[in-house]
Amino acid sequence: MKALHFGAGNIGRGFIGKLLADAGIQLTFADVNQVVLDALNARHSYQVHVVGETEQVDTVSGVDAVSSIGDDVVDLIAQVDLVTTAVGPVVLERIAPAIAKGLVKRKEQGNESPLNIIACENMVRGTTQLKGHVMNALPEDAKAWVEEHVGFVDSAVDRIVPPSASATNDPLEVTVETFSEWIVDKTQFKGTLPNIPGMELTDNLMAFVERKLFTLNTGHAITAYLGKLAGHQTIRDAILDEKIRAVVKGAMEESGAVLIKRYDFDADKHAAYIQKILGRFENPYLKDDVERVGRQPLRKLSAGDRLIKPLLGTLEYGLPHKNLIEGIAAAMHFRSEDDPQAQELAALIADKGPQAALAQISGLDANSEVVSEAVTAYKAMQ
């Protein structure tokens with residue numbers, strides 16, 4: 001089996017690329033970073049530090065790389081069995097034209113073996129969004145062929161991969177946590193379902209997407225925002241602060257109550273999942289900076305994201321949300337000189353006041369009870 005993976009960054013190398021290569025799949029990375037491309041093509045291998053209770057070093061081998069903006073990537077799409085991405089939500093639109101060209105070439109070459117494309121991004125149904133961009137870039141006469149022969153498979157991914165400065169200045173070395181979860185929608189594949197260790201197939205993807213968003217992402221963000229306010233440097237430092245831990249755990253329990261109601265999750269199993277996530281935040285090997293995790297607060301405070309979406313669920317089912325409100329208030333306080341969204345957030349609050357600013361960012365009604373609760377909590381933190 002041959003695969004092409006867009007994005008040779010830390011997540012690409014440390015998570016999806018590693019799983020594919022470990023499964024014995026012939027893997028090519030596509031990226032724009034020439035330093036990384038040259039290193040991959042010179043060595044065809046790299047090291048991954050897997051850290052949890054203990055630390056181990058795995059070597060990923062037998063890989064190569066092409067530029068994601070050259071002709072080679074188009075040729076590969078015409079030949080491979082699987083295309084995956086870990087490029088970030090914004091970049092999906094940028095890689096769509098190359099994918100479309102590759103699919104046209106595949107059709108012209110008469111290659112009718114099924115191709116499956118899986119976007120492994122921190123977003124809900126990212127592959128469906130990528131499909132929209134690809135279809136827009138395709139000529140009309142290729143669209144029906146692509147619908148017939150190409151599967152666009154949505155997925156949910158979970159592994160903490162912080163940016164790590166390699167002690168050896170190796171551009172390929174990467175550190176990841178032991179835990180990883182890659183869940184894909186088995187109803188969207190073309191051809192035979194793949195058997196890749198570490199890839200879990202489900203016919204109920206949204207339950208897993210929301211479980212991760214409402215627990216890992218909600219908890220991670222609130223830990224970062226409260227941690228930054230309290231002067232902590234890392235996620236570990238923040239979650240070991242008992243006051244912060246109580247709010248984070250409380251928020252994950254509030255969002256969890258929504259999941260249990262919505263998807264009939266087992267309450268005990270979900271409580272264990274929350275405990276496991278708190279343990280991941282404590283990982284001493286992951287130097288996960290609160291400022292990195294907190295960045296892009298406007299996106300994280302938007303209606304479909306990790307803070308407001310679970311809050312809307314609590315309103316839908318009439319459930320408590322005190323700790324989620326604390327997290328939202330802390331997010332409104334997030335300041336970072338390196339993050340344009342943090343600066344935009346500060347300017348918006350200064351210009352409109354916290355009530356109107358939160359309503360504009362989140363889509364919540366400015367006169368609603370929850371906005372007033374969040375504003376009260378926000379002011380109490382000043």
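Including glycine, each Cβ sits where the backbone N, Cα and C put it.
Annotation source Swiss-Prot lists NAD(+) binding site at A3, L4, H5, F6, G7, A8, G9, N10, I11, G12, R13, G14, citing sequence analysis. Annotated N6-acetyllysine per Swiss-Prot: K269, in sequence order, evidence recorded as sequence analysis.
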Per residue, counting other C-beta atoms within 10 angstroms of the C-beta, which of the binding-site residues G7, G9 reaches the highest number? G7
Translate the DSSP assignment of G7 (NAD(+) binding site) into the three-state scheme. coil
Given the binding-site residues G7, G9, I11, find the one whose Cα is closest in space to the Cα of the residue listed as 'N6-acetyllysine'. I11
Tally every other Cβ atom lying within 10 Å of the Cβ atom of H5 (NAD(+) binding site). 28
